[in-house]
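A quick write-up on the structure given underneath.
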Amino acid sequence: MNDKLVFLGLLYFVQGIPYGLQSSLLPVYLRGAGHSLTRIGFTKILYFPWVLKVLWAPLVDRVGTKRRWLVGTVSGLALTCLSSAALAPEAHIWGVAGTLLAMNTLASVQDIAVDGAAVGLLKGRGELGLGNTAQVVGYKAGSVFAGGVALFVWGAPVLDEETVRGQQADGSKKGGQGADAVRPWRVWRKLLAVPGTPWTVLYVLTYKLGEQGAVTMFPLFLLDHHMTARELGFWNGVIAMGFSICGSSLGGLLLAQFSIGALMRRVFVLRTISMVFQSSLLTVLEPSPLMKGMAVLSMSVQHFLGGLITTLTFTTMMHCTQRAEESIQATHYSFLATLEVLGKLMFSALAGGLVDWFGFQVAFLFFLTLSAGTALHVWTATFTGALREHQQPK
């Protein structure tokens, strides 16, 4: 089990590289340079490869082995990291954008292979919880140490079984997969027919909308009125992210003890309450130590709950995917993960425009409404819907 967690954690760690650069550094840099919130929001288009990854997921499922896909993508990420280190954002903004786009493309392909391996490696509720904790925590802790992981992937013993299994697949199974590759609508029918998929699709598209708007815009509100870029980088980029990692880690531990339905019901209500508190801070425009402290507290709680919810969500997605046929599991999980990114990406791109048009207070009221709606959606599902089956104790 420990080998599995280390293996998955390191690979998801690498995937966090482009996200960390783009979500924490780029918005603050552009805002400090005088760009509008609408223009900053449009930088989210660099995440677009994550939306498209479902199109090439069947290729990763059927061509080569997970090991080869992982070595190739990790090596590519190492090269793009070296390239980006030579670029100064103020002088090479388009070069930086191109590098981030390449990173996102490689990371999205890697994600398909890692998710496919994880679905097969993790067994039982305890392993699912801890495995998804490794996924979320590793992703958030991602930095520029991609180069050293390539050798680790090539020699990882946990993939030996997967390689042998792929080499020993019988001819009839390969023939069926080839027919699906020629007729992709068959794959889509199989994906949507997996039990629990319709509810999970709606959930992953909407669960982060209100939170994502607040997480994206509240730091920029603080930059405008209460904090310098250096202070914001420390409190939001380091401290708050530390709380997020703690929340994600706690999620895995709690899943080993409690049902996922009961956990999600309570955590989503707490998130809505935290957003009420954060929205109330928007009425304070005069800088003060008290306001700065309340803002740091608000961001820390928000990131802690967000990290916890992310672990619960990815565990729910993987549980749904494990009901699918083995031949489409990586594609099914990539399908859900693509929709999860799409929901956050689309709303993050629009959040800046909402604030520019209507102001922070009205926009945050909308974010709060979305968050409350998602909490109601989850609450209902734990009693009458897709999460009901998870209520029973282990």
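Cβ atoms are placed via backbone N, Cα and C, with glycine included.
Automatic, uncurated: that is what TrEMBL annotation is.
Per TrEMBL, the feature transmembrane segment maps to 40-57 (among others).
The transmembrane segment annotation in TrEMBL covers 234-256 (among others).
Non-local neighbours of the transmembrane segment (268-285) in the same chain are 210-211, 214, 218, 221, 225, 291, 294-295, 298-299, 301-302, 305-306, 309, 360-361, 364-365, 367-368, 371-372, 374-375, 378-379; each lies 6+ residues outside the stretch with a CB under 8 Å from one of its CB atoms. The transmembrane segment annotation in TrEMBL covers 268-285 (among others).
The list of residues near the transmembrane segment (297-318) in space but at least 6 beyond its ends in sequence, with Cβ under 8 angstroms from a Cβ of it, reads 118-119, 122, 128-129, 131-133, 135-136, 140, 200, 203-204, 207-208, 211, 214-215, 218-219, 235-236, 239-241, 243-252, 254-255, 260, 263-264, 267-268, 270-271, 274-275, 277-278, 281, 333, 336-337, 340, 387. Taken from TrEMBL, the feature transmembrane segment applies to 297-318 (among others).
What TrEMBL records for 330-351 (among others) is transmembrane segment.
Using a Cβ-Cβ cut-off under 8 Å and counting only residues 6 or more beyond its ends in the same chain, the transmembrane segment (357-379) has close neighbours at 202-203, 206-207, 209-211, 213-214, 217-218, 221, 264-265, 268-269, 271-272, 275-276, 278-279, 282-283, 351, 387. The transmembrane segment annotation in TrEMBL covers 357-379 (among others).
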